[in-house]
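Q: So TrEMBL has the following annotated:
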- A:20-38: transmembrane segment (TRANSMEM)
- A:50-71: transmembrane segment (TRANSMEM)
- A:T91, A:T92, A:G206, A:T301, A:T302, A:N418: K(+) binding site (BINDING)
- A:121-146: transmembrane segment (TRANSMEM)
- A:167-186: transmembrane segment (TRANSMEM)
- A:221-240: transmembrane segment (TRANSMEM)
- A:260-280: transmembrane segment (TRANSMEM)
- A:318-344: transmembrane segment (TRANSMEM)
- A:380-401: transmembrane segment (TRANSMEM)
- A:442-466: transmembrane segment (TRANSMEM)
Number of protein chains: 2
Amino acid sequence: MGGCAALSWFWGDPEWARRSLLTSSALTSFFAAGLLFLTRGDINLSRRDGFGIVTFGWLFAAVFGALPYILSGVIPDPVSAIFETMSGFTTTGASVLPDGNFQTLESIPRGIMFWRALTHWFGGMGVLVLCVAILPFLGVGGMQIYRAEMPGPSKDRLTPRITTTAKLLWGVYALLTLAEILLLKFVGGMCWFDAVCHTFATMATGGFSTRTASVGAFDSGVIDCIIMFFMFAAGVNFSLHYYALTGKPGRYWKDPEFRAYFIFWLITGLILTFNIWGSVYSRFLDALRAAFFQGTSILTTTGFITADFDLWPQPSRILLVLMMFVGGCAGSTGGGIKVVRIFIMWKKVIKELRQFMRPRAVLRVKLGGKAVDDDAVSHIVAFFTIFVLVFVLASFLMTFYTPDLETAATSVVATLGNIGPGLSAVGATQNFAAIPAPGQSLLILCMLLGRLELYTVLIVFLPGFWKK
Amino acid sequence: MGGCAALSWFWGDPEWARRSLLTSSALTSFFAAGLLFLTRGDINLSRRDGFGIVTFGWLFAAVFGALPYILSGVIPDPVSAIFETMSGFTTTGASVLPDGNFQTLESIPRGIMFWRALTHWFGGMGVLVLCVAILPFLGVGGMQIYRAEMPGPSKDRLTPRITTTAKLLWGVYALLTLAEILLLKFVGGMCWFDAVCHTFATMATGGFSTRTASVGAFDSGVIDCIIMFFMFAAGVNFSLHYYALTGKPGRYWKDPEFRAYFIFWLITGLILTFNIWGSVYSRFLDALRAAFFQGTSILTTTGFITADFDLWPQPSRILLVLMMFVGGCAGSTGGGIKVVRIFIMWKKVIKELRQFMRPRAVLRVKLGGKAVDDDAVSHIVAFFTIFVLVFVLASFLMTFYTPDLETAATSVVATLGNIGPGLSAVGATQNFAAIPAPGQSLLILCMLLGRLELYTVLIVFLPGFWKK
Ligand SMILES: [K+]
Ligand SMILES: [K+]
C-alpha cells in the first residue's frame, strides 16, 4: 500500500486518495507487526493450525486491504469494501464498482485502482502456493494425486520444500507477468498503467479492469488475443509452465488434465461461436473472436468482458454457467471445481456403470494410463458433492436478496467459482453494488470457500474444530 | 383398455372415444400375445436381460398406451401422445393437455381420462415392484441397504420371492387406494369418477387430474387434507405400511429415513408458510393450507396443484425446486433422488470433513445406529453425481427448445424427478404442449431415466451392453 501511495503521488491523484493509502498501510503494518510479535517462536504448527492460518490469513488480508477503499471514500460502506477486497485477494473479480460518487471506473484515482489490481496479483501468488504446495499435502478434495507432480525437491521436509516450490512458482508467475505487461504495452499499445493492471488481473485470473467497459473498452483484436493467450496460460497448472521453462515443453501434452482442458476449451468455444453466429454477430470472425474471448475468460474463471453475453441465446448462456462450474486446471490460479476433478468424476461415472453391468469385474479409474488411488477418487466425488450442496444452499439464501432465481444462482456460482460476473442482475454489464449487505456477506463467504477449496473453511465450522 | 371402453359406454362418451379404446386394446393384446409367444420357455434371464426387459417394458407400455390418445384424436401428435403416456406410466404427471380441440380437461371423454388415470395406477404398481423387490437386489444406486427390509420370505429363490413381495405390496397399495376413494367420495363429496381418478394419481404420486385447475378446482379444505394425507403416505416406503398393517406401526418412527422425511416435510412446509404469509395470503390459515398442500405435492413428487406457486416469492420457488430433487422415500411410488440418498450423502459429507481434520481416525457413515456399507455409500454418491450430470446435460439441451433457462432447468428436474409441473413456461398453470417434438422426446427420456433410477437405462447406452 505504501508503494501505491508513492505511485498515487506520481500520477497526481488527489491528496485524499494518497492519504488514505498511507494511513491504511501504516495501520496494516502496525497490526501485522503486532501479530508477528504475538506468535513469535510458535512454529510447531499442527494440521489444524494450518487450516486456521490459511482461513484467517485471507480474512485478515480482506479486512485490512479494505481500508484504502473506506478511508478514501471510494467505497464508504465497510461490507462492500471488504467484498471488493475479498474479491481481489480471492481473484474473483466480482465488483461493487462503479457506484455512488464514482459512476465510472475511470474517475477513480489511479492509486486506488492500482491497489485494487495489486490485490489480485498478491491473491494469485497466495493461490499458487496454496494449490500447488500445500493443498496436495493436506489431501484437500483428492488433490493428493498431485503430490508427485510439483516442482522442487521431493525428499525435503515439508517447510523447506514448500518454500522452494513457492519460489519456483513465483518465478514463473513473475516471468509470465512481465511478458504480458510488455506485450500489452508495446504490441497492444496500452499505457503502462492499463498494461500492468490488466496483467495483474489476467495472471491471477482475477478480472478487475481499469475500464467500466472492461477489456471491451479497448476494442482491439490484438489486445483480445494477447489477454486470451495469458488467461489460457493462467488456467494451466503452473508446474507445467515450470517444466516448460526448464526445457520440457512436452510435459504439457503429456498431462491428461491439460489435454482435457484444451479440448474442452476448443469444443465449448466452437459451440459458442456457432450459437452466436447469425443470431448476435453476422460476421463469422466477430462471432469467433467474441466466443473464444468470453469462453476463455469464463472457463479460466478470469471474468474479463468484451461482449454482453447476458444477451446471447439461451444455450450459450447456460453453457457459460456450466463452464463456470468446471473452472481451470489444478495448480493454476483459476477457480471452479477444476478440470481434473470433473475429468476423474466423469471416468468414475463410466466405471460405475460398467461395474454395475459386470459386478465381478475389477475396474479402476485411470488418469493418463495410471490407476488413481480409490481414496482420491472418493475425495474428489465428495468435493463435487459438497460444492453442489454449498451452491444449492447459498443460492436458496441469496433468493432473499436478489430479484430473480437466475441472479441468485449465478451470483453464487460466480463467487464460489471465483469467476466474477454472473447473469441477469449480476451480468456482464452489471455489478454487485445493488445487492444488500447480508447478501454481499454471504457472497464474501462463498468467495473464501471457493478459493480455499471448501474444506479449509468448512472444517472451521465443525464443532470439533475448536476443541483441544 | 377394454375395461375403459366398457366404462366409456357406461358414461355415454361419444362413439369415437369408445372405438379408439377398443381398437387400441385389440392391437395391444395382439402384440403382447405375440411377444409372449416369441419368448416362451426362455426363463433363464441374466442380470443384463433384466435391465433390458425393465427398460423396454416401460417403453413398450408407453408406445402402446398412447394409442387411445392418437386414435381418438385427443392428442393427434404421436410424440405428444407418447409423452403423455410415458408421463402416466412413470407417474410423472407432466401433461400436454389441455391443448388443440380440447381447451379444458373437462371436455375430454371420460373413457380417455380414465385410461389416463389408469396409466398412473399401473405405473405405480410397476414402480413398487421395481423399487422394493428388484432394484435392491441389483444394487442400483446403493439401494442394497434395503435388501433386508422388504416384506416377504427372505430365504426363497429370487423369482418366487419377488412374486410374494409384489403381492404383499400390491395388497397394501390396493387397500390404501380403496380407503382414499371412499374418503374422497363420502367425506370429500366428489363423484365416483373424480374420486377414483384422483386416487389413482395420488397413490402413484402421479398428479394427473380430471380438472384443468387440478385439485384447486374443488376448492375444499377437506379434499385438500385427504389428498395431502395420502400423498404423504404414497411417499413413504411401502414396506413400512405393510408392517404397520400387520400390527407393527412402531416401525414408522424407528425408520431413520421416515424420520428424516417427516422432519424435512415439516420444516420446508413451515418455511413456505411463513414466506407466503403476508406476501401472497393475508390469512395465516390460507398460507398454511396452500404451503403444506403444495409442499407435500412437490416433495412426494405428486404434482397436484391448488395454488399457482409460480407467483410465490423467489425463496419459495427455489425451495420447491430443491424439494423436487429430494423426492420421496426409497420403496415408495415417489421419484426424485430419494430421501435416504440425500440423508446418507449429508452424513458422508460430515464424515469426510471430520476425517479430513483427523486423518487417522476410523469413521463410518451410520444410519439408524448401524454402519452403512462403504460400497453402498460410494454408489449413493455416484448416483447423486450421475443425477446432477444428467440434469445439467439435459438442461443445456433443453435451452434449445424453451424460452428461458428457468423453463429449461425446471422442465428437466420435473421430468427426471417424476414430479410433473416445473416453473415459468412449464409452471403450475401451464403445460408441456408448447415444447416442440425434439424437446418432448428428450423429456420422455428424462422421465424414463428418473423412474428406472438412471442406471437401468444408462447402461443400455454403454457400448459393452450389446456385446455378447
Ligand atoms: K475471476
Ligand atoms: K408426479
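Using the three backbone atoms N, Cα and C, a Cβ is placed for every residue, glycine included.
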Q: With the transmembrane segment (A:260-280) as the reference, find which of A:50-71, A:167-186, A:221-240, A:442-466 contributes the most Cβ pairs under 8 Å.
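A: Top-ranked stretch among A:50-71, A:167-186, A:221-240, A:442-466: A:221-240.
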Q: Report, as numbers and ranges, every residue of the chain located at least six residues beyond the transmembrane segment (A:167-186) whose Cβ falls under 8 Å of a Cβ in that stretch; write 'none' if there are none.
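A: Residues 121, 124-125, 128-129, 132-133, 151-152, 192, 194-196, 198-200, 202-203, 223, 226-227, 230, 233-234, 238-239, 241-242, 245.
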Q: Just to verify: the residue among A:T91, A:T301, A:T302 with the fewest other Cβ atoms within 10 Å, which of the binding-site residues is it?
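A: A:T301, out of the binding-site residues A:T91, A:T301, A:T302, has the fewest neighbouring Cβ atoms within 10 Å.
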Q: Counting only residues 6+ away from its ends, which parts of the chain sit with a Cβ under 8 Å from the transmembrane segment (A:442-466)?
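A: Beyond its ends, the transmembrane segment (A:442-466) has Cβ neighbours at 48, 51-52, 54-55, 58-59, 62, 79, 82-83, 86-87, 90-92, 94, 123, 127, 130-131, 135, 138, 140-141, 143, 335-336, 383, 386-387, 390, 394, 397-398, 401, 411-412, 415-418, 432, 435.
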Q: Is the number of Cβ-Cβ pairs under 8 Å between the transmembrane segment (A:380-401) and the transmembrane segment (A:121-146) three or more, considering only pairs separated by 6 or more positions?
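A: Contact criterion met.
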Q: Tell me which of the binding-site residues A:T92, A:G206 sits in the most Cβ-dense spot, judged by other Cβ atoms within 10 Å.
A: A:T92
Q: So how many other Cβ atoms are close to A:N418 (K(+) binding site), meaning within 10 Å of its Cβ?
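A: The answer is 34.
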Q: What are the other residues, in sequence order, whose C-beta lies within 8 angstroms of the center of the C-beta atoms of A:T91, A:T92, A:G206, A:T301, A:T302, A:N418 at the K(+) site?
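A: Neighbours found: A:T90, A:G93, A:H120, A:A204, A:T205, A:G207, A:G303, A:T333, A:G334, A:G335, A:I419, A:G420.
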